[in-house]
Each structure stands twice: as structure tokens, then as C-alpha cells.
Amino acid sequence: MPGEPAKRTKREAYKDSLPTDGQNAAFPQKKFYRQRAHANPFSDHSLTYPKSPAEMDWAKYYPAYAVKTEDQDRQEKEKEAAVESHDQGQTSGAVVKGITQPVEIADIGCGFGGLLFALAPKFPDTLLLGMEIRMSVTEYVQEKVRALRVQNAATSGYQNVSCMRANTMKFLPNFFAKAQLSKIFLCFPDPHFKQRKHKARIVSYTLNSEYAYVLKPGGIVYTITDVEDLHRWMTGHFERHPSFERVGEEELEGDVCVEIMRSETEEGKKVERNKGLKFVACFRRIEDPPWP
Ligand SMILES: C[S@@+](CC[C@H](N)C(=O)[O-])C[C@H]1O[C@@H](n2cnc3c(N)ncnc32)[C@H](O)[C@@H]1O
């Protein structure tokens, strides 16, 4: 495309100009991280992912939670046991490598991270992870996490939030063990309007089974969209799934996550500006789903 090389050069120049000492407190400039809206979830993005959740080294994402050397032996043993039970098809449990506690909140398709940055101070003792397929967008969130950690060094703020590049449609169970997560957010997922593109939607019966697998019983999937057809699609697929029940309106009113999801996501703000509608639906992971 005409103009592309110049744009790339500016982006590269900006990135090269960033200080490398890790102490830069300035927020990244979004304009240098914008990327075309859709990445194909079926193409090979040469993504790296662990063979199993027990193989994943989380320390670089949450350095303040890195395990001390004396705990490493114990963790290695737990990891070996977990890998063994995973290979045998048993429950692996939320054994994590490199950090002291597992990630519990996942924002799938986190975009520029607005939800994560608003949730992190509300859940200071919980680890939150954004997962995003677009490389530049992931880099933006990672840079912003780094800047927020520098700005909040005195209070250790934002050490509990991180972001990784991942295609969750392909690799979610590689990162999370059975019953590890307490909340999953699916905020303003790409609508993929055309019928032949519906298979790229991040809600489907099969993907819902993966969400059910990584969620604790009682854990919640939060969904929000401005596309009514997609809202009906998501609601239909979750309501039909035996592992989920819909959370009632009354309960949602008192949930701070719903409030944040409506107001703090980039897409939510855009819809607000355009005076559009927002459809919210949440689903609880049932403890003992009925046998079909
Ligand atoms: C419309 S944006 C919404 C961003 C953000 N959640 C918000 O509400 O502002 C959808 C995001 O999901 C990401 N995405 C789509 N498919 C994905 C996948 N399979 N794995 C990870 N991220 C994905 C896209 O790259 C995009 O950033």
C-alpha cells in the first residue's frame, strides 16, 4: 500500500527511540501501535506456546511474583507431577512455574487493555492476563504495563497485570489448567458478520467447552457487545451449553466488573461516544453439569 513504508519507518523510529533501561515512565503512544482490525485466527502466526500449563514460565510476565530460589525445587517437583498427570489425561490442577500464584482473570482479545488497567487496582491480590492476537497491540499493552509499574513503583501497583500475544482459539488450554480461572472476559469480540466467517467468532459450542474447562466451578464468563446479533449468538451458545447458567440481572447490577466492562474498554467508550447500545450477558460455570 502507498504510504506503508513511511508509516513503518516512523513506527520503527519511535520504538527505537524508547529508552531501554526499563525506567521510562511515559505511556506508549497509541498511534505507533495501531494495526489493521482483524488478524486471521486460522493462519499460522508463528506463536510460541507451552506444551502444557505446567511448562509455562510466568516469571517474565509477573516479575514481582517470581518464586525465590528455595521454592524452585518444590515447584519443579510439583511441575513434574502435573506434567505426568496431564499426560495421563488427569486433572493437572493450577500448578504454575516461576511465580507464587496462578493467573485467575483472563481478558480474551484484550485490545489496547482498557479493561485490564481498570480492573488491576480493584483486584490487587489477583493476577490478571490480557491475551491478544495482534502483535503491535500486544506490544502497546506490554509497554503500558511497564510504564504503569514504573509510575507506581512506591506502591507496587500494576505488578498483578500483564499481557501476552496468543491465539486463544487455538491454545487456551495450553496456558491454563483445569479450574484455574475465576473470571473470563469476552469484551466486544470481533462480530465477523458474514455467515462464512462465523467460525472465527470466539464463542462457539467447542470454545465454550474450553472456557468451562479452565474455569473454576462458580467462575464467570463476562460478555459485552454492541452487535445485537452477536449478543444473541453468544447467549444462545452459552445457554445451550450444559456447563453454564446465565447470571441474573440483579446480580449483575452489583458487580463492579460489569460496570468497568461497560465504561473502560476502548470499544465500550467508542459505543458510548456514538450513543450505541451495549448488550451484557454473563454465565456461571456450573459445578456439576447434568449428564446430557
Ligand atoms: C473489537 S476488539 C475488542 C478489544 C477490547 N476487548 C475492547 O473491548 O476494547 C477484539 C479484539 O480481539 C482480538 N482477537 C480476535 N481474535 C482473537 C483470538 N483468537 N485470540 C486472541 N485475540 C483475538 C482482536 O485482535 C481485537 O484486538
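Heads up, the Cβ atoms here are built off N, Cα and C, so glycines get one too.
The annotation region 'Disordered' is assigned in TrEMBL to 1-28 (among others).
The compositional bias 'Basic and acidic residues' feature in TrEMBL is assigned to 1-15 (among others).
Annotation source TrEMBL lists region 'Disordered' at 69-95 (among others).
The compositional bias 'Basic and acidic residues' annotation in TrEMBL covers 69-87 (among others).
Cβ neighbours of T265 (S-adenosyl-L-methionine binding site) (same chain, under 8 Å, six or more residues apart in sequence): G111, G114, L115, C187, F188, I224. Marked as S-adenosyl-L-methionine binding site by TrEMBL: G109, E132, I133, N167, T168, C187, T265, E266, E267.
Annotated active site per TrEMBL: D190, in sequence order. Taking Cβ-Cβ distances under 8 Å and a sequence gap of 6 or more within the same chain, the neighbours of D190 (active site) are A37, H38, G109, A200, R201, I202.
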Consider each pair of residues in G109, E132, I133, N167, T168, C187, T265, E266, E267, all listed by the record as binding S-adenosyl-L-methionine, and report the largest Cα separation in Å as a whole number.
20
Using DSSP, would you call G109 (S-adenosyl-L-methionine binding site) helix, strand or coil?
coil
